[in-house]
Amino acid sequence: MTEQKYIVALDQGTTSSRAVILDHDANIVSVSQREFTQIYPEAGWVEHDPLEIYATQSSTLVETLAKAGIRSDQIAGIGITNQRETTIVWNKETGKPVYNAIVWQCRRTADTCEKLKEAGLEEYIRENTGLVVDPYFSGTKIKWILDNVEGAREDAEAGKLLFGTVDTWLVWKMTQGRVHVTDYTNASRTMVFNINTLQWDEKLLKELDIPLSMMPEVKSSSEVYGETNIGGKGGTRIPIAGIAGDQQAALYGQMCVEQGQAKNTYGTGCFLLMNTGKEKVTSRNGLLTTLACGPRGEASYALEGAVFMGGASIQWLRDEMKLLADAKDSEYFATKVDTSNGVYVVPAFTGLGAPYWDAYARGTIVGLTRGCGSNHIIRATLESIAYQTRDVIDAMQADSGIKLSALRVDGGAVANNFLMQFQSDVLDVAVHRPKVTEVTALGAAYLAGLAVGFWNGLDELADKAVIDRSFEPHHDEEKRNQRYRGWKRAVKCAQAWAELHDEE
């Protein structure tokens, strides 16, 4: 019997598929990554080829094992984390998708969403799925495929078609069609899953004309779903033992498994999740209620808020404003001035996300005086990321009644020490940056490792989650509140721009 020394995390993202091998000390041993094609058939439409997703993901698994010289019989289990909401429908007899995957960013089902609102279902959807009515989620995408692909509706009614988010599709392919399953975190992003009963919501399936027979079985995020022989030699079968959507996997990888623990992922936008434990909190402040993972990978509730423009606003300074040659330089220039000199940048380029949800707001720079230079604008742009994060955290605290004790952070922008310190100052809480920033892959690996007994419990992993640096707040309260009031006024200016346009 060969000793099983490793866990593999498959990280299927929006632009690339990755495979990450971890050892027993949660060190990353090997990584392999492949990008795949983004398909834009019409303005606002985004698709992927499901077969290409599977091909890139399975090849990274084989490649990363080969690169590290690790045999498949040394792998204790596989954890999967994935881009959420992206929708795949396939024929279970042929194994072929009936249409491309409709990606989470795709806006083609806006009309269907309007009809759901007109039918008075907004409140029902919020109460029972935790979500707002939006094309972002899977439900209306499934309906679109059944309504628009020739023969799909008939085949679905005849029980020939299956639906899955990306995790479900990968597991189905990796087990040669033996296992049709998803986990609670992915199911909670479909807009047809009832987060109170933890069952598919038959009322919403009926409303969208989706047969229940298409839907996968829903299980916890940490258990053995099936086995795969991909990368296996001589009949080796590797258990697939963990599944979580990318943001929930990051929350778990950051060890935010107890009520009141929260993380912020600073990517193109920012994704904030706060674990609310066994208590479902319905937001009155524009946040989503979703399912996350408790200590053993069981379902727990969370609040989620998204900021549209995080790192993307730094790219704007570089690409459009030409104020930076490299995004990394933003920290250097921001620290060349002591303050932003009363300048606020509101990067509402595509409207404002949580908690405002104002699609018509537009970007503004306010408070300019003759003494303002490019460094002030760079600094104010970085500050805007921290202010927007506070907007969401304030909403989370108001909804849940839970005071945040510390914020865990991950994503590209966390390397910016100025931003992290300012974030701590604005929130008046400590900001913890982990040493291993691959927290999404870590989360998937932890979930799989716990299910197969590779690790005994999260407490065994706690000492592996080493903090690289903690940023402590060090500004007086009066200054903090004064600055934040200025930000709120600046946001009103961004919103008023659209309102004034209506009056013309």
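Cβ atoms are placed via backbone N, Cα and C, with glycine included.
Marked as ATP binding site by Swiss-Prot: Thr14, Thr15, Ser16, Thr268, Gly311, Gln315, Gly412. The sn-glycerol 3-phosphate binding site annotation in Swiss-Prot covers Thr14, Arg84, Glu85, Tyr136, Asp246 and is backed by sequence analysis. Per Swiss-Prot, ADP binding site is recorded for Thr14, Arg18, Thr268, Gly311, Gly412, Asn416. Annotated glycerol binding site per Swiss-Prot: Arg84, Glu85, Tyr136, Asp246, Gln247, in sequence order, evidence recorded as sequence analysis.
All features noted in Swiss-Prot, drawn onto the structure.
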residue : record                               : DSSP (3 states)
Thr14   : ATP binding site                     : coil
Glu85   : sn-glycerol 3-phosphate binding site : coil
Tyr136  : sn-glycerol 3-phosphate binding site : coil
Asp246  : sn-glycerol 3-phosphate binding site : helix
Gly311  : ATP binding site                     : helix
Asn416  : ADP binding site                     : coil
> Restricting the comparison to the binding-site residues Thr15, Ser16, Arg84, Gly311, Asn416, which residue's C-alpha is spatially nearest the C-alpha of Gln247 (glycerol binding site)?
Replying inline: Arg84
> If you measure C-alpha to C-alpha, which of Thr15, Ser16, Gly311, Gln315, Gly412, Asn416 (binding-site residues) come within 10 angstroms of Arg84 (sn-glycerol 3-phosphate binding site)?
Replying inline: none
> Out of Glu85, Tyr136, Asp246, Thr268, Gly412, which of these binding-site residues is nearest Arg18 (ADP binding site) by C-alpha distance?
Replying inline: Asp246
>> As a test of the contact definition, list every same-chain residue at least 6 positions from Asn416 (ADP binding site) whose Cβ is closer than 8 Å to its Cβ.
In response: Lys328, Ser330, Glu331, Leu382
>> Most Cβ neighbours within 10 Å: which of the binding-site residues Gly311, Gly412 is it?
In response: Gly311
> Out of Thr14, Thr15, Ser16, Gln247, Gln315, which of the binding-site residues is least crowded by other Cβ atoms within 10 Å?
Replying inline: Thr15
> What other residues of this chain sit with their CB within 8 A of the center of the CB atoms of Arg84, Glu85, Tyr136, Asp246, Gln247, the recorded glycerol site?
Replying inline: Gln83, Thr86, Trp104, Arg189, Gly245
>> Of the residues named as sn-glycerol 3-phosphate binders, Thr14, Arg84, Glu85, Tyr136, Asp246, how far apart in Å are the Cα atoms of the most distant pair?
In response: 15
